[in-house]
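Since the structure comes first, as structure tokens, the remarks are kept for the end.
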């Protein structure tokens, strides 16, 4: 039978509940326990798929095609465990389900209320994750802040959960903030006390407090917090600001978080194996030479809009003993100032996914610059479509070529709507979503990077390469290096004569992990490193490798 951990947050929003939940998942897994983590989001949207990236950040796509909160990306990257649509729950999806049941007569004419019907549906979703995942421990992060009216049904549901399982089968963790007041030179505990008081008024007594702070929390302060909040001093867990989110599991391990959780859950505290994770963090803190990577997008004002892309680049740099010098480049600014100005000195260019017309010409200009300057380039989803548009306009002489998404009446729709999308009206949850196979062409750059004939990647798109232009595309020197098994849908393109120029219709960033970077991102960073000046000893090593025919085998033509 599964055990359950609930993570709430107080004092301020964006306090790091998702990282705490993901870190606990990592620590439990290091002790041999299987884990599943779900997010309860208090907004009324059914899912974040139609929400603006400026408001919500990126949409993380699961294997089964759910459009979810970006925290699920943290869960997957930290635990190396695939989540599903069951792991993402919103207020909108709960109300939709309850109303649909009411319309079907499932409540036998009863009055449908927040309690017990909404809270009961929430509890059912948590139980469903436990039964479908067969996890030893199910961790649930409750979005929002204690005191928000939107979160009340979720908090009531996790209070009621005590009646579903034994008290020894669940633990409540409350993440809070200890602000430092410079004039008094003190960390203040009063906001934490009031946050816990609010939680208690709902009927939840936290078992552990994770206290965020920018400086050390001494034993006297922990004793004070524990006394006022009704938790043992040992269960007051400091969480100091970290230089990397990947350092947080190690910090929380040192502070005893997992040990205390296991004690509350009456589970054995097995030996923990965090050696590989510690080595990863050591490499993060002691990186090699920096590679300058330009991320050209339309949502660059909010970095979270491209969170998984950035993490995938970090993973690749870790594997290549490089440090990431990331440059955020607004695609619209390229339209105003030119690619030569904004991309000068870059070692690689990434054009990620997106929707809509704004900034597309800037992305196309960035891709042209990377192609002509022979700078390593990786395009993702819309980035691949922009690479096709760039080819059509600048190499195929189709100067008005574009995507049918951007200009439905274009005479040269080199990107057009997927046939199965022709009659789709609703926007939410209706794209080509989730994992699909891609057959990789033998002898291609992609084949050398993947080392596999068939790969499975996550998708999120409505538009595709228009096969009416396939022959012209191939005659121009480009290669279609990956396609759907039936050969109809173009999944990967590349330019063989270029040091590294590849783009994919899918989102490889969702499959990258700290200790297992995605091959396309690792290939990009490896190619970017070839542009760096190297020390005499490194130059000699490369010369020897070249003489032996073994320099960078994954990128050899």
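The backbone N, Cα and C atoms fix where each Cβ goes, and this holds for glycine too.
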Per Swiss-Prot: UTP is bound by 13, 188, 189, 190, 191, 192, 193, and from 39, 101, 222, 224 the site also lists 224
Listed alongside 382, 383, 384, 385, 405, 462 for L-glutamine in Swiss-Prot, from 354, 356, 434, is 354
Out of 69, 71, 80, Swiss-Prot lists as part of the ATP site with 14, 15, 16, 17, 18, 19 the residue 71
Among 506-531, 532-557, Swiss-Prot marks as region 'Disordered' the stretch 532-557
By the 10 Å Cβ-neighbour count, the most surrounded of the binding-site residues 17, 188, 224 is 17
One should report the C-alpha separation between residue 189 (UTP binding site) and residue 224 (CTP binding site), rounded to whole angstrom, as 8
Taking every pair from 13, 188, 189, 190, 191, 192, 193, 224 (the record's UTP binders), the biggest C-alpha distance in Å rounds to 24
Here the binding-site residues are 16, 18; the one whose Cβ sees the most other Cβ atoms within 10 Å is 18
Listed in sequence order, the residues of the same chain lying six or more positions from residue 71 (ATP binding site) whose CB sits under 8 Å from its CB are 18, 21, 22, 39, 60, 141
Greatest Cα separation in angstrom, residues 14, 15, 16, 17, 18, 19, 71 binding ATP per the record, works out to 13
